[in-house]
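**Q** Sharing the features that TrEMBL gives for it:
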type	residues	note
COMPBIAS	251-320	compositional bias 'Pro residues'
COMPBIAS	328-343	compositional bias 'Pro residues'
DOMAIN	26-129	domain 'Phytocyanin'
DOMAIN	143-246	domain 'Phytocyanin'
REGION	245-346	region 'Disordered'
SIGNAL	1-24	signal peptide
Amino acid sequence: MATNLNKLVLATIVVAALLQGSWAQTTHLVGDALGWTIPPGGPIAYSTWASKNTFTVGDVLVFNFANSSHDVAKVTKAAFDACNSTNPISISTTGPTNITLTTAGEHHFICTFPGHCAAGQKLAINVTAAATSPSPPPSSSVKTYVVGESLGWNVLPNGTEAYKAWAANKTFLIGDTLVFNFVNGSHNVAEVTKAAYSACDTTTTISLTTTSPARITLTTAGEHFFTCTFPSHCTLGQQLAINVTGTTTAPSPPPTTAAPAPSPTATPPPTTATPAPSPTATPPPTTAAPTPSPAATPPPASTPTATPPPSAATPPPSPSPSGNTTPSTPPPSETTTAPPPPNSATSLASAALPVALLSIAVALLH
């Protein structure tokens, strides 16, 4: 049981490794639908195809050709330029041929059949290291332009107008790349000043590239001028003028507008809440203090003057007991009439005493 489990784990690891390898590599069909043959337009066909692809270590090239009519040989750069097939690095005579790119740098392939290489059946590519594979994301913000598209970099029948029309509808930004496809030994590409461009003066150049495909990265904004330095090629229209604008990093200013807005609205409100409570709270206590003092003092002063009317106090006998304790609180405004109750109680007692004595005497007589 343990042995079977170990085999299962090992098989899983192998499958994962194979899947990872298949995801990491890219298979390129050389020439796409054209295949590997003598191209109708000469070497430009395969130069244009290569400029539209990115080759990385681990990728696979597939050469489709008819057996006994073509082959594919890997050669040195010198043999590639001279179409020399005497000492190839490797050769395959059976199609389709799959070639895995195992090293970084330039790789060159030709057909060794007589006249095929000279007729354009040759391919040069540049392979980058596998460690640089995370670089493609930035390519979403930059572009690669193949100058002249399928026409390549050449002397064209309609002269300068062809390249003017090609550049007219394009926007070139810093970081974009121009690819010039041309036949080595027959053309080159030079960057020159505006004055040299206008006069087709190729004696002094800013830069010169003699090997195709020439990849030129646009690193500065402004006008850029390119021409071919071969005799009469510039005057025949093999020249290009473009205008390069800045990168797309300008949208950063908008966040600055959000910061100043909240500061003015938050500060004023607290100032209105502080002054209100102070004036309204102080006046009320001044009116409550003087009222209780005058109401309590008058009653004792009127006590001696209330004795004369004993007869007027007799009708209300019931309020007299409670009047001894609460005369001053209920009606503070009637302070002059409050004294009679205590004096009427004493006069009533004195008037009732003879009656009581008389009642006792009558009881003793009986």
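The first residue you see is number 1, and the count goes up from there.
Using the three backbone atoms N, Cα and C, a Cβ is placed for every residue, glycine included.
Remember, it's a predicted structure, so these values are computed and weren't measured experimentally.
Burial and contacts for the listed features, if you can.
**A** Each residue of the domain 'Phytocyanin' (143-246) gets a DSSP state, and the totals for helix, strand and coil are 18 helix, 35 strand, 51 coil.
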**Q** Grab the pLDDT values for the domain 'Phytocyanin' (143-246) and give me their mean, rounded.
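**A** That stretch averages a pLDDT of 90.
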